[in-house]
């Protein structure tokens, strides 16, 4: 039997159930990843759907995945092209019996997958929910409609009733499993970025100086948990703005699946046994549960997470003002704290959680601009963009999501609380000082 693993946002060899089951059930296993040109098109709002930061991180991730799979004698074919064209060709060429992939349920991914399926009806499909901490088969809800609308209720039910599943790993295939065909990972320039963009370097002051890839994710865990033991103070520092260690920074590797939430969970358990168990160590798991929650909310509500009125179907008056957008994205609003965060995003593809909440509140609540434009801009720019967390958080901050209170941030007060010495604002607004 011949199996094809279609990699999407599960770009790892460890704790990957598509890969694990393909290797168990097939004599021959090949991997494929399609860099979809649609992800690099210009959006209706006039900016790229995916900018250079996340694209570069993805290319680094694919290079590492290709290498890690090769060490297990599995070939990863990486193409720039449409999955609905490439996958049927590969399936025919290598006489594929079964395609293995991670379950995706948001509209764009479903549309592409349905096209692929329709073109190769004779091929079997096996899909897995592999992006969760708490597996959907284990949660105490008969259907998605029963998922609570309030996070605390969801968290308490799941923490009480569910054990996180163990991780799985593959053994190497025989060397005969490798195929002759080889593909090279494209560069940014190959993907249409101009040469100046293609050679960009992260500024030294970036809070996210990391590269993509499964090995890099494991190294970050080693550094943050075991070498510096920063996990032991995570809750106290997580609202920081400056430096690489105020938070775990694992979100980018989680977003493209270089590491699984389960792997992080079990590593926290080890840390709690060997070093310390406290509110800080628990808080990293708490954040993983928030991440799960936004995924379950999108399973429950489907395309409502992309609609102007959100999952609450709540009507506000929203504006679409180009001048406001340019001021917000370029960091030229009247609020220095907003500006510093937006310039950090523009220069590095990263922004702290505290910053994200403030700039989103300012855009949607202060200026009453269409929150979906802000969400789309974050999708374009963020290294750690995750569709469920991004749109879930934007709805939340815009007052059309999972928040019974309709809140608006006091930006000046937030700046006083979280940047009292003004270091972060100076860092991005007076660059010659740094």
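Backbone N, Cα and C define each Cβ position, glycine as well.
Copied over from TrEMBL, here are the features:
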type: DOMAIN; residues: 1-133; note: domain 'Photolyase/cryptochrome alpha/beta'
type: BINDING; residues: 234, 247, 248, 249, 250, 251, 384, 385, 386; note: FAD binding site
type: SITE; residues: 318; note: site 'Electron transfer via tryptophanyl radical'
type: SITE; residues: 371; note: site 'Electron transfer via tryptophanyl radical'
type: SITE; residues: 394; note: site 'Electron transfer via tryptophanyl radical'
The one of 250, 318, 371, 384 whose CB sees the fewest other CB atoms within 10 Å, among these recorded positions: 318
Pairwise Cα distance for residue 234 (FAD binding site)/residue 318 (site 'Electron transfer via tryptophanyl radical') [Å, integer]: 37
Rounded Cα-Cα span from residue 394 (site 'Electron transfer via tryptophanyl radical') to residue 250 (FAD binding site), Å: 20
Cα distance (Å, whole number) from residue 394 (site 'Electron transfer via tryptophanyl radical') to residue 386 (FAD binding site): 12
Cβ neighbour count (within 10 Å, all chains shown) around residue 394 (site 'Electron transfer via tryptophanyl radical'): 25
Inter-residue Cα distance where the pair is residue 394 (site 'Electron transfer via tryptophanyl radical') and residue 248 (FAD binding site), in Å: 22
Pairwise CA distance, residue 384 (FAD binding site) versus residue 318 (site 'Electron transfer via tryptophanyl radical'), rounded so that it is a whole Å: 27
The domain 'Photolyase/cryptochrome alpha/beta' (1-133) - residue tally per DSSP class, helix then strand then coil: 57 helix, 31 strand, 45 coil
Per-residue pLDDT averaged over the domain 'Photolyase/cryptochrome alpha/beta' (1-133), given as an integer: 98
